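K.L.:
Here TrEMBL flags 96-153, 204-282 as domain 'Potassium channel'. Feature annotation from TrEMBL assigns transmembrane segment to 24-45, 104-125, 131-150, 193-214, 226-243, 255-275.
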């Protein structure tokens, strides 16, 4: 083995959790901080409006009972009865039937897509029991559909990006020996995940803007409110405060309802795919933060990559150790990039990093390389994003057995 300085001379810091647990803990802490910040902002923005609405309602109620000589208690009983009727779909303004076939189809679509607007809910015991089992299977199948859709989107984008790259090489005027090296240049080329994120973001924005124009015309919403509905629906948040296609009659009603369903389907697929890509970049950011925290906590003067030794992470100047118990996190720059481990700020900002599974699949698809044969052993396919992580874990467990 190559000679190097002994491990005991390197600065080390204890690692109580493995890297996955450390990343999970950091993500949980950041999400909690994100929630606290969000609560502060929304409370500052919305709480004054809530207090004003309460005061306005109390004034309206007092004026109405005084002008019409109505007992306040009797009016409150009537309002409570209306709230109960409201839950079954009864409104003052006449709306479309909730539980005819088209209304029921709209309901089950919001269930399996996990949007759940909430304007229609089952009220019978039998309906609620059936919803539990129906949603259990339907939501799982829809998540599978979204993952397979993402996989096909990545395949399509990889081929398009490879075609653009080949065209750019031809335009550069390669000839002679450069022409013969074109295949080598393409073989080493990797399509960027950042470009995939940009393309998905633009696609989602175009769908949202087009859908908002439709909703503004058909629902008589202002354009910003239509954009708000598109994000809430496409991201499957589904508040239900603003819901499309609820009136009893529309101009070109059947065409509008078909367009509404298609826009929501395309928007949900694009936003889901975009969320998966963004989550990979967040993971890379967490890895970088963890690396910085570990080195700063240990007051490590070196800038080498982290090394693992029996539950301890050691920083070195990048040299290999003679001790056989020392295991490098990544043996080479290529392995480090393909493994999705910690990245440098320079690599992150200059877009040189292969981002985990998605980047690897982009590269394989662009070069037309089939997936490794072991990926489908024991019935576990590769997949993308969280789906890929689960399948990889299952496949590794099965192989170990």
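Counting starts with 1 at the first residue shown.
Backbone N, Cα and C atoms are what each Cβ position is placed from, and that goes for glycine too.
Heads up, TrEMBL stuff is auto-annotated, nobody curated it.
Explain the structural surroundings of these features, please.
P.N.:
In the predicted model, the domain 'Potassium channel' (96-153) has a mean pLDDT of 90.
Note on the domain 'Potassium channel' (204-282): DSSP counts are 58 helix, 1 strand, 20 coil.
Here the transmembrane segment (193-214) has long-range neighbours at 153-154, 157, 161, 223, 226-227, 229-231, 234, 256, 259-260, 263-264, 266-267, 270-271, 273-274, 277-278, 280-281, 351, 354-355, 358-359, 362, meaning same-chain residues at least 6 beyond its ends whose C-beta is under 8 angstroms from one of its own.
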K.L.:
Which sequence-distant residues neighbour the transmembrane segment (255-275)? Criterion: at least 6 residues beyond either end, Cβ under 8 Å.
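P.N.:
For the transmembrane segment (255-275), the far contacts come to 102, 109, 113, 115, 146, 149-150, 153, 197, 200-201, 203-204, 207-208, 210-211, 214, 218, 230, 233-236, 244-245.
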